[in-house]
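> Dropping a structure here in structure tokens format, bear with me for questions.
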Amino acid sequence: MLTLYGETFPSRLLLGTAAYPTPEILKQSVRTARPAMITVSLRRTGCGGEAHGQGFWSLLQETGVPVLPNTAGCQSVQEAVTTAQMAREVFETDWIKLELIGDDDTLQPDVFQLVEAAEILIKDGFKVLPYCTEDLIACRRLLDAGCQALMPWAAPIGTGLGAVHAYALKILRERLPDTPLIIDAGLGLPSQAAQVMEWGFDGVLLNTAVSRSGDPVNMARAFALAVESGRLAFEAGPVEARTKAQASTPTVGQPFWHSAEY
């Protein structure tokens, strides 16, 4: 079970809703994955009740999955705050995935503006899930601002590279043991999702890896199983890696010279 801001969710997978081949494939993918939440950009659905936006919103409601609006595309504090406030009105929720991009090529979050925007939104009653880097100090500043969960990236959005800074992510997990950490962006394979879950991360958010795959519906299922398996492995307590071989069969009854070291 995933707990965020005091609310419990049955799944540790969050799923984006952009760039699917058809609305029907999106709906089937969501139903197959059964995610905790589905993310959506206000700019994607439109605002003002036009036909396209209303139809997309109706499709999301049909899934029965809670919606997590995001501020995708925002590059200033004011823009992000305004978008979040509009999203609250449109989707009738205090949840917001806060995105504030600082570089157009890498789509890397601007952590300085991110902290400022998070402070404003939290004071305004939002439940903020900030998309951030794996930088420990930046993450601490976001927690100081009032965030109760973080969404560090594995790699730049849409790259599918997996956890490119594994050491930093592991340190982040180690140093923030009580903070829900959801890996957001950069995962391309179910095995990569399972890996970060095995490290102890609390959840995974995906979009491109599913929506742009050859078969989004089956890929959604694959990722859902990977996230579940990775978490189960973490909770089971994996054996530690070692450099020396260790027999798994008992040695009782074997000749004494079998235990000699050469």
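Cβ atoms are placed via backbone N, Cα and C, with glycine included.
Dumping what Swiss-Prot says about this protein:
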- LYS97: active site, schiff-base intermediate with DXP (ACT_SITE)
- GLY158, ALA185, GLY186, ASN207, THR208: 1-deoxy-D-xylulose 5-phosphate binding site (BINDING)
> Around GLY158 (1-deoxy-D-xylulose 5-phosphate binding site), which residues of its chain at least 6 apart sit with Cβ under 8 Å of its Cβ?
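The list for GLY158 (1-deoxy-D-xylulose 5-phosphate binding site) reads LEU107, ALA185, GLY186, THR208, given in order along the sequence.
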> Please give the maximum pairwise Cα distance, in Å and rounded to a whole number, for the 1-deoxy-D-xylulose 5-phosphate-binding set GLY158, ALA185, GLY186, ASN207, THR208.
10
> What other residues of this chain sit with their CB within 8 A of the center of the CB atoms of GLY158, ALA185, GLY186, ASN207, THR208, the recorded 1-deoxy-D-xylulose 5-phosphate site?
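Apart from GLY158, ALA185, GLY186, ASN207, THR208, the close residues are GLY16, ALA155, PRO156, ILE157, THR159, GLY160, LEU187, LEU206, ALA209.
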> Can you check which residues sit near LYS97 (active site, schiff-base intermediate with DXP), meaning Cβ under 8 Å from its Cβ, same chain, 6 or more apart in sequence, and list them in order?
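Sequence-distant Cβ neighbours: THR39, LEU68, PRO69, ASN70, THR71, LEU129, PRO130, TYR131, MET151, ASP184.
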> State the three-class DSSP label for the residue listed as 'active site, schiff-base intermediate with DXP', counting H, G and I as helix, E and B as strand, and everything else as coil.
strand
> Please state whether DSSP places GLY158 (1-deoxy-D-xylulose 5-phosphate binding site) in a helix, a strand or coil.
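Assignment for GLY158 (1-deoxy-D-xylulose 5-phosphate binding site) reads coil.
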> Using Cβ-Cβ distances, find the residues under 8 Å from ASN207 (1-deoxy-D-xylulose 5-phosphate binding site) that belong to the same chain and are at least 6 apart in sequence, listing them in sequence order.
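Long-range Cβ contacts: LEU15, GLY16, THR17, ALA18, ALA19, THR39.
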